[in-house]
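Visitor: Before we start, here is the structure in question, set down as structure tokens.
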Amino acid sequence: MAITLTNFTFLYMDANLKRLGDIVLGFGANVVTLLLILILTITRRNGRCNRRKSYIEKCLLYVTPALGACLSCVDLVLLVRTNRRREVILCFVPLSGFVMWIAVILSLKFACCACHVFTSQILCFWWIFRFLTDALHLNMIFTLQEICLIMLDIAFGISINVLRIKQAHPKIIPLEDPLIEDDDDQKRIEKNGSWWDLFTFGYIGSIMKHGSVKQLELENLLTLPPEMDPFTCCENLLRCWQLQECNNYSTPSLIWSIYGVYGWPYFRLGLLKVFNDCIGFAGPLLLNRLIKYLEKGSGSSVGYTLAISLGFISIFKSFLDTQYTFRLSKLKLKLRSSIMSVIYRKCLWVNTANRSGFSEGEIQTFMSVDADRIVNLCNSLHDLWSLPLQIGIALYLLYTQVKFAFLSGLAITILLIPVNKWISVLIASATEKMMKLKDERIRKTGELLTNIRTLKMYGWDNWFADWLKETRATEVTHLATRKYLDAWCVFFWATTPTLFSLCTFGLFALMGHQLDAATVFTCLALFNSLISPLNSFPWVINGLIDAFISTRRVSKFLCCLEHSRDFSIDSGFTSEDLAVCVEDASCTWSSNVEEDYNLTIKQVSLRVPKGSFVAVIGEVGSGKTSLLNSLLGEMRCVHGSILLNGSVAYVPQVPWLLSGTVRENILFGKPFDSKRYFETLSACALDVDISLMVGGDMACIGDKGLNLSGGQRARFALARAVYHGSDMYLLDDVLSAVDSQVGCWILQRALLGPLLNKKTRVMCTHNIQAISCADMIVVMDKGKVNWSGSVTDMPKSISPTFSLTNEFDMSSPNHLTKRKETLSIKEDGVDEISEAAADIVKLEERKEGRVEMMVYRNYAVFSGWFITIVILVSAVLMQGSRNGNDLWLSYWVDKTGKGVSHYSTSFYLMVLCIFCIINSILTLVRAFSFAFGGLKAAVHVHNALISKLINAPTQFFDQTPSGRILNRFSSDLYTIDDSLPFILNILLANFVGLLGIIVVLSYVQVLFLLLLLPFWYIYSKLQVFYRSTSRELRRLDSVSRSPIYASFTETLDGSSTIRAFKSEEHFVGRFIEHLTLYQRTSYSEIIASLWLSLRLQLLGSMIVLFVAVMAVLGSGGNFPISFGTPGLVGLALSYAAPLVSLLGSLLTSFTETEKEMVSVERVLQVMILILFLVCQPKLIAAQKSHS
């Protein structure tokens, strides 16, 4: 009696649960939809649709709700007629559906904001989710009306989503395209964006729309949040560093400074990562419970709970992943900007003597390599504890499934770690040798480009090219070693999953346990989550070691003493009378850390009155330039004292110019004063030269004054000093680069003219005219002041050359003025600066749009068509063997689970072993064929490029800067050698992997084919939407990165000049502007990547949810289509789970391939340009002969 009552109670509870589920799923979904429509109609009542809908769209939007209302009404009538028990609750679902469809019709017909309501993100997303609730409801009440209503739901959901996508991609008509872009809307969205936009990165939508229809420009980029401002980041890190110095730390540590600024935000990110890692293991556990439920075939609602939970966990983890990545990326960008700014600032403030302990290449490495390594510390530190946590949890869960059998598969994986580590050491060794030869090859290429005209004149160009190819051949030998070692790494990595399944499940079966679907596919899911931490952990350790080494290197540089030229002395002189006071000073170029040093300036004592003109003379190497540098504080004063009274302007012997306009070089950060500016140009004999330039003083003078003569560069450097208006001028042989006429003009109008006649001028010179005009002469000899005094008092015993003060004729100023007007100051063989000379450097062409198919075809030709076909066939067969291995596992567990197996365990293991061997062989073929093809392409590209370059006419080298050509042989060729084959390999693996998953899912669940079409449509739209914008952002990233390193290199070359003018803050601000632009491109690129990643993960989560719900739906026997055995369903669920990451990886790898293919595009661009210039004279001659 008790048993009967209990059974009745359970049956009654189950019936009530079904009824409750019916109400929740059907009635609840309709009510939520109705509420969403009402809320959105109220909140978006001011919206207007900016696009006219087509006839088909109108039919779908209006006819579908009308049919839905009719069917709901019919369903309600039939239910009332057949409901004998008069249960009102059963009418809730069709009644709510009828009201909902009526609300849709009324909103579409009468609401002015209907377009904004039904294309909103929330409603579009909700309508996709409605299909899942309808499917669950269908399992409880399976009627023709319900099936038709679900099809209408699907049709309406697809319609509004397609309408939203079309509205997001408007076809811009040129006449309607605004002439001036207004970014206020985009900035307002960033600042006041809703929580939904913040979580889904919707605020980058305007940039994505812009990038999908036209070329992005720098002004279209996202603005940086206030906390990411590079100046603020630099000040925060600098404050912590200076705090350590103030606390008398013997050796301040950059690590502690970084911790002081970013420690607490980084700790908060660690808490988020713990939560994210733990949530990641909920998926395999829910998968295990769901497959066990399917094996039992229970008809309770627990299966739906598990299926929906599996989908929602995947969705929740998608948001967690992207938010963690977003916040970590922001922290890394802030850290990068602060480190780069602090390094740049230090380069400005440390003097030449203290900087002598570091080579220029080493300092550039601080900015490029070391800064990136320190930034990567953000990833490595969290991975240091996160990876062991993930490994520990995964191993424990594996033990709960297969006991100690998992140790066999784990042993294989762990044994491969030292093998991979050993291979990585060999790869590092080969890479080091390859990089040395690469540096040698680039050096030789630079020599070839520098002397190309001489080589062509003597006919040595082919011999030099052969010499260069020999170096390249040796480099390729080490490149081949690296490529084939990489192939072994790929082989071990790709065969690990099949080896694990063979060893683990084979041992588990041989131990006498029976395999079931839940155990097998839970273990596969856990092992997939285990592979990445096991393989990544050694690299995390290496990354930490590299990061700490880099922090020590940068800390050592930051500890250098900064420049100072204000020394206090106790000599009793009046500073108002003297401009320079040197008392028994001895100086060296050695840094403070060097105990042994050679004195360059020895026991010099010198006093220079204010307003005097001092000529420092002496033989070559006597110490004239060193004397000026000691006055500037660039040398280390080891004895005595040096004092300069007032501001300083400095003109070095080798003129230093910025790669900017003429005006920027002369102003040098000072405000523009038109009167003084034009007086300066006239005094330095530059007014005529500038008038002949295209663009006048706004003309760009090129890198280091590329299109200027030596005399012009010297006069521009002098004009900068004259315009600056300092109290003292230190001039290092400024007249040596100009001819006698121009030198006489500069001497009379600039050095002795009204602009400087009351200033203190100290000039190193061999010019006899200048020496005769000097108020004071200082004779240097072997680093000492041999004699000082006036020119009339100079003894003849010092130098008979300098005593001949009357053997030259100084032309009068009037005569020089006439000469200037008639001759226009011709110098250095330059008659005038023509338009061709002023604009001789052509701007580098920047491609727009996607990379053309011709580029891919050319790369395949470089690799060879046969090897390309071998790679494709082996990749497809490799994936097929892996899918066959998994299908055999599902067949095994289904047969043994039902107890109808006709074969022994040994037979199943043997077939599994055969699949594993075939997969291993095909993987090996694919890996080595890919290495061979990439190597062959690299060799052919270099040989073709160097051959074209040797045969190029001189016109090509006149129009193309050598740095641009060298960039093809360095950066672009390195990409073709290394990065491009690597990313192509990943792209191919992702593509065949996704193809295999789609085939298996379609085989297991036929209804997946219905989802495949809209799924592929949405995915293709997303990838087209993202690829165009991402490509443009990468090109902008390259454009914005170049000024940073160009500015840094310029600063290293001219740091002494910058310090002399005390323009450090101006150049720091200039660098911050470049860095801000670079940060904006990086920030926009990261947000765009996360925008795509989140949507792809949500798309994959929907597939997981669909597969899980369909599996439960089919297991109850209420659906006419069977969804396979538990083994096949488990296989489908285990395949659907990694689909999330595989979708993102496929698109990312495809986008990265396009980005890397830009290097091939750039190389082909140079080849085509050279071919055009070679053929141009022949074409012109042919046209003339025909005419």
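In case you wondered, yes, glycine gets a Cβ from its N, Cα and C as well.
Per TrEMBL, transmembrane segment is recorded for 20-40, 141-163, 302-320, 404-428, 488-511, 517-545, 856-878, 907-928, 982-1001, 1007-1026, 1096-1116, 1128-1151 (among others). Annotated domain 'ABC transmembrane type-1' per TrEMBL: 271-546, 869-1155, in sequence order. According to TrEMBL, the domain 'ABC transporter' annotation covers 580-807.
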Visitor: Can you see whether the transmembrane segment (1007-1026) and the transmembrane segment (856-878) are touching - at least 3 CB pairs under 8 angstroms, only pairs 6 or more apart in sequence?
Guide: no
Visitor: For the transmembrane segment (1128-1151), could you work out the same-chain residues 6 or more beyond its ends whose Cβ comes under 8 Å from its Cβ atoms?
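Guide: Those are 283, 287, 290-291, 294, 310, 314, 318, 517-518, 520-521, 524-525, 528, 886-887, 889-890, 893-894, 983, 986-987, 990-991, 993-994, 997, 1000-1001, 1003-1005, 1019, 1022-1023, 1026-1027, 1030-1031, 1089, 1092-1093, 1096-1097, 1099-1101, 1103-1104, 1107-1108, 1111, 1115, in sequence order.
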Visitor: Give the nonlocal contacts of the transmembrane segment (856-878) in its own chain as ranges (CB under 8 Å, at least six residues past its ends).
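Guide: Distal contacts: 494, 919, 922-923, 925-926, 929-930, 932-934, 936-937, 940-941, 944, 980, 988-989, 992, 995, 1157, 1160, 1164.
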Visitor: Note the mean pLDDT of the domain 'ABC transporter' (580-807), expressed as a whole number.
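Guide: When the pLDDT values over the domain 'ABC transporter' (580-807) are averaged, the result is 85.
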